Amino acid sequence: MSKSGQQQQPHQQMQQQQQQQGKMMVVHHQRTTTPDGSQVYLLQPSQSHPQQRQVQFIPIQVAQGEKKPQTVMMNQMMGQQQQQQPSSSNQQSQQQVQQQQQQVHQVQQVQQHQMQQQNQTVQQQHLMMETIDQVGSGIIGNSNGNNQQQQQQQQQQQQRRDPIPIAPAGMVSGQRMQQQQQQPQQQQQHNNNNTGASTSNGGVNAAPVMPVMGGQQRITLGNLHFQQDPNDPQKWIITNEGPPVAGPSAPARKPNQIQHRQMIPQMNEDGMMNMGNDYGDINGQGLGEAPKRCACTCPNCLQQNNRQGDGKSRIHICHLCNKTYGKTSHLRAHLRGHAGNKPFACDWQHCNKKFTRSDELQRHRRTHTGEKRFACNHCGKKFMRSDHLTKHERTHQSNRINNINQQTLRLS
């Protein structure tokens, strides 16, 4: 080569170096990325110096249009991870809160159930106390009623035994006789003046006062005769005996009328109805002192066909409905029912039933209380009524008879 060619070579080399310094070749490599996700471009030196293979990695800012989607995607991925982490923590906290709420709700339900049970027990106790109070008041009321009846009977018996103090001005009516007491001065004035006593209706006048042996005086009011008490002159006694002097004769009475008159006071002294309108005297005249016992006036007893085979049992018949009873007291109570007089009323709440006899009221009250006082000795079964118990005991008797018959058949 010539010298000129040799001279040109270093010149060209210098130019190439300058060009390399001014312009570096940029080579894009797919696998070169930084930890933050940005791309790195490889700069290669010129090929004039093959021996020198120096490689430099220099981060270069890429155009916004190329780098923006990568950074956005990275940011989105980081944001999603950050969102996932708090969302998972929120879910855990929410689950814990829900579990706590469920536990609180369960505890509240248990407390409400316990409160309901307590309220129910308290209500049941109140109801039991009310029923006990009602039953106790009913028993007390019944005992008070029985005591009052006994006191009335005792008072009536004492009145029958003791002399009855009355005044001359007695009132006599066709249905009922009412007696009143007046002051002793009025009695003495009437006795001294020998004047008769006028009745309330003004229809009957008393006979004049007539002296009796021993200084006693006697007054007649129709068919009633009053005699002065020897111990106390201010008291008067009713007597059935007529005056010693001749007077207006009383009309003759039939035996049936006398028996009816005897039955009326017995019914009144037992606290029963006054049957004077039905069985009393036809003329409306007063009645004398009644005996302690009186004969039954039912049709069966009047006809004297009431004795059966053994002659011990009696049957009393109601003349209104032909019902039969074994006791005269039951018949009298039944007659009270016909007259509408039912003195024994049930005191239970919302119960307006009435009865003619106290035992019927007691039997009815057991339907409210549920008491079963009659127990079977064989099987222990309980009943409210004694007749139900006797009917039940017959089943045991029939079973015994059947067993005995079967045993006899086997032995034979």
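Using N, Cα and C of the backbone, Cβ positions are placed for all residues, glycine too.
Which of 244-268, 344-368 counts as zinc finger depends on Swiss-Prot, and there it is 344-368.
Residue ranges 282-304, 374-396 are listed, and Swiss-Prot annotates 374-396 among them as zinc finger. Applying DSSP to the zinc finger (344-368) sorts its residues as follows: 11 helix, 4 strand, 10 coil.
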